[in-house]
Amino acid sequence: MLHLRVYGHADSLTGIGGDLEDRGAARNVAVAPGVRAGYVLLSAEVFAESADAVLELLVRSGVAQEDIKLARIDEIGPIKPGRTAGSLIWADVLGQARANSRPVARYLVFLVAAGVIAGFGVIEASGILIVGAMAVSPDLLPITAACVGLASRRGRLVLRALATLAIGMGAACLAAGVLSKCLGLLGVLPPGFVVGEAVVAGLTTINVSTVGVALAAGVAGMLALETRASAAVGVGISITTIPAAAYLGVAAGVGEASKALGALAVLGTNVAVLVAAGTLTLVVQRWLAADGNAVRLRRVLRSGS
């Protein structure tokens, strides 16, 4: 459920409130007079699957977007057929994407930390360390933002998200490279150290598993928007990014150019497949999100315009 609060003209909002409740898009609708004459405050509990249609109705009725407030309600109670708590709300998804497409300092710190941990994992051939780095990495955020931008045809959002992802992956690569270089200068790495491939095999060559894993991870990443499982699914996304980024950094740090270029090709392929799979999944999700109530409400809007 979502809690809706709208401030606007009484003539339009009073009629809208009754229409929403009559058509099953909302419940507990209340209209209270505002301080200004002729203005009212409309509040209601909106069903998630009807949220986008409700927002469309309000905007088309002349309500300013800044006067519309929509927040999630966590409730405990019986699950009613047709009312899915995890329904995809496009306005919510787009807002998250805009926030996740910006390279904030905390995002970069997490990726540097992930690069260092994964770098140690590559050097010591430790799968545990590499998995730990995947759990730390927040690269799911700009990847899903890029998918949202492509699905909604917002070019600036796509470019901003991909730039944020590139900055983050560059930071992880640089962290792993500096780590390997420093360990070499300190004598921790043995002379003639060669990057092993026992634990991280496949990070220098593109094959069927490279594409298959990235496809599955891209689908899972976008489904996380609906199930709120981003933290867990983020580890799956990072399978295709952080190990390759760390391997690239370590290989470059010890002077193995051919392996570094191979890892770069794998990383680029993984990101491309992730974004393609995620975008397709989001398009399908968006198409399936509207159930009978939301579809009927949209038809009423179009017929009444």
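In case you wondered, yes, glycine gets a Cβ from its N, Cα and C as well.
Annotation source TrEMBL lists transmembrane segment at 104-123 (among others). Under 8 Å from some Cβ of the transmembrane segment (104-123) lie the Cβ atoms of residues 129-130, 132-134, 136-139, 141, 164, 167-169, 171-177, 179-180, 183, 189, 195-196, 199-200, 238, 242-243, 245-247, 249-250, all in the same chain and six or more residues away from its ends.
Beyond the ends of the transmembrane segment (129-150), by six or more residues, the same chain brings 93-94, 96-98, 100-101, 107, 110-111, 113-115, 117-118, 120-122, 156-158, 160-162, 164-165, 168-169, 172, 199-200, 218, 221-222, 224-225, 230, 233-235, 237-239, 241-243, 246, 271, 274-275, 278-279, 281-282 to within a C-beta distance below 8 angstroms of the stretch. The transmembrane segment annotation in TrEMBL covers 129-150 (among others).
Among residues of the same chain six or more beyond the transmembrane segment (157-179), those with a C-beta under 8 A of the stretch's C-beta atoms are 97-98, 100-103, 107-108, 111-116, 118-120, 122-123, 137-139, 142-143, 145-146, 148-150, 241-242, 245-250, 252-253, 267, 271. For 157-179 (among others), the entry in TrEMBL reads transmembrane segment.
What TrEMBL lists as transmembrane segment is 199-225 (among others).
Annotation comment: TrEMBL describes 232-254 (among others) as transmembrane segment. Tertiary proximity for the transmembrane segment (232-254) is limited to same-chain residues at least six positions away from its ends with a CB under 8 Å from its CB atoms, namely 114-115, 118-119, 121-123, 130-131, 133-135, 137-140, 143, 169, 172-181, 184, 189, 193-195, 200, 203-204, 213-214, 216-218, 220-221, 223-224, 260, 263-264, 266-267, 270-271, 273-274.
Within its own chain, the transmembrane segment (260-289) is flanked in space by residues 49, 52, 87-90, 93, 143-144, 146-148, 150-151, 165, 169, 202-206, 210-211, 213-219, 221-223, 225-226, 237, 240-241, 244-245, 247-248, 251-252, which lie at least six positions past its ends and keep a Cβ under 8 Å from the stretch. Annotation comment: TrEMBL describes 260-289 (among others) as transmembrane segment.
Sequence-distant neighbours of the transmembrane segment (199-225) (same chain, 6+ residues past either end, Cβ-Cβ under 8 Å): 88, 93, 96, 121-122, 125-127, 130, 140, 143-144, 147, 232-234, 236-237, 239-240, 243-244, 247, 258-259, 262-263, 265-266, 269-270, 273-279, 281-282, 285.
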